[in-house]
Amino acid sequence: MPTTALTGIGQLVTNDPALGEGPLGLRRDAAIVFEDGVVAWVGDSAHVPATDTAHDLDGRAVLPGFVESHSHLVFAGDRAEEFAARMSGRPYGAGGIRTTIEATRAATDEQLGANVRRLLDESLRAGSTTVECKSGYGQSVEHELRSVRVAGRYTDEVTLLAAHVPPPEYAGRVDDYVAMACAEMIPRCAPHAKWIDVFCEQGAFDRDQAHAVLTAGIAHGLVPRVHGNQLHRGPGVQLAVEVGAASVDHVTYIDDADIEALAHSDTVATLLPGADFCTRNSYPDARALLDAGVTVALGADCNPGTSYTTSLPFCIALAVRELRMTPDEAVWAATAGGARALRRGDVGVLTPGARADALALDAPSHLHLAYRPGVPLISRVWREGTLAYATN
C-alpha cells in the first residue's frame, strides 16, 4: 500500500500519554506515517522510515482531526431575524424550532442534502473529520425518515432526534406524540440511524416522556444520547446516566448530584458553548465537571436557531475563555472527548492503528487555537490519510 509521511512537525498532539508528554501525548520535531488510511508509525522526524511520499510541514503543529459529536445539519432555511431580535431584546413571535420544522418539511430531499453537504464542507475546513448529524426538524414519521436517510448519505454517525419539540399538530397532546414516536417513527427510522436522542427540558419533553422515547430506541438497537439541563435544572443528566447514554449534552444547569452521577458513569458531558454564546445564556461549569473526573467533550452544536457555527476552533477558544478550561483540556475535549462521546476508539487520536485523520495549523502549537480566536489557523486536513483540504 502507498505510504505518506508528514515530517517537520513542530508539535504533534497524539492524545496518547505513552507517546509523549502529558495527557495530549505531545511530541516535538515529530513525524507520522499514514498507510492504507490509518496511522502506521509515530516518532521523531530524524528517524522517519522511507515512504512513497513525504510532506515537510515546516514546524507546524499537527493534531487529530476534530470530532464533532453534536450537530443538527438536516434543515432548511435560517433564523437570522430571530437572532437579531434576541440580541436586541425584541420579542419575535415567529421564531423557534417550529419555524425550522415548517421549512424543513417544505424542502426537497435534494435541498436538504445540499445543505448538509455545504455544512460538512464548512466543518472540514474548520478541521472536523468526524461529524455526528441529527434529524429532529421533521417530527413526523415521513419527515424524520427522510431526514435520517439524507444524513446517512454523508456520515455514519446518524442520530434520530425523535423528540425535539412537539410539532404544531400535536399541540397540547405531547403524550400522543410520544406514543406515535415509539410505535411508528422509531421502528421505521431505526435501520437508518445509530443513535436515539431526546430534548428533556421544560417546554419540550418531561422525564417520563423522554424515558419512553429512549427505551423504545434502545429496543430497536439504537444507543441513547440526551439533550439535558440546557435551560433549567432538570432530570436530563440523571436520566442519561440511568439509561447508559453515551453522552448528555449542554449540562448548563447542574448540581452536585448531577456531577457525582456523571463522575461515576460512562456518560460523557458534552459542552456546547457556542449555543450559550449565541443565546447569551450562562455557561456550564466545566471546571467542576473536570475536577470531579467527568469525561468532557466539546461540540459546536451547529443548528439554525441557537448556534449557527461549525467551528470547533471557535468553541475551543470559548471553552478556555468562558468555561475556564485549560487549552490542553479544550483540545482534548474537541478530539478524544468527542470520540468518547461517540464511543469511538479509532478517531480523536494519532496513534498506530487509528484512522489517519489529522489537521495542521498555521501555528507552532495547539495553544494558538485559543490564543488567536477567530483566526483561520487550519491549513491542511487529512481524512483517512488523504489530503482533503489545504489553504494553498
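From the backbone N, Cα and C atoms, a Cβ is placed for every residue, glycine too.
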Additional site residue, Asp156, Asp291, Asp301 [criterion: listed by Swiss-Prot with His70, His72, His227 for Fe(3+)]: Asp301
To which of Tyr137, Tyr154 does Swiss-Prot also attribute binding of N-formimidoyl-L-glutamate at the site defined by Asn303, Gly305? Tyr137
Candidate from Thr306, Thr309, Thr310, Thr326 that Swiss-Prot assigns to the same 4-imidazolone-5-propanoate site as Arg79, Tyr137, His164, Gln230: Thr306
Same chain, 6+ residues apart, C-beta under 8 Å of the C-beta of His164 (4-imidazolone-5-propanoate binding site), given in sequence order: Ile97, Gly136, Tyr137, Gln139, Phe199, Ala204
Listed in sequence order, residues with CB under 8 A of His227 (Zn(2+) binding site) and six or more positions away: Asp197, Val198, Phe199, Cys200, Glu201, Gly236, Val248, Asp249, His250
Shell of the N-formimidoyl-L-glutamate site beyond Tyr137, Asn303, Gly305, same chain only (C-beta within 8 angstroms of their C-beta centre): His72, Phe75, Arg79, Ile97, Thr100, Gly136, Pro304, Thr306
C-beta crowding around Arg79 (4-imidazolone-5-propanoate binding site), within 10 angstroms: 23
What are the other residues, in sequence order, whose C-beta lies within 8 angstroms of the center of the C-beta atoms of His70, His72, His227, Asp301 at the Zn(2+) site? Ser71, Lys134, Asp249, His250, Leu272, Ala275, Gly299, Cys302, Asn303, Ser307
Ranked by the number of other Cβ atoms within 10 Å of their own Cβ, which of the binding-site residues His70, His72 ranks first? His70
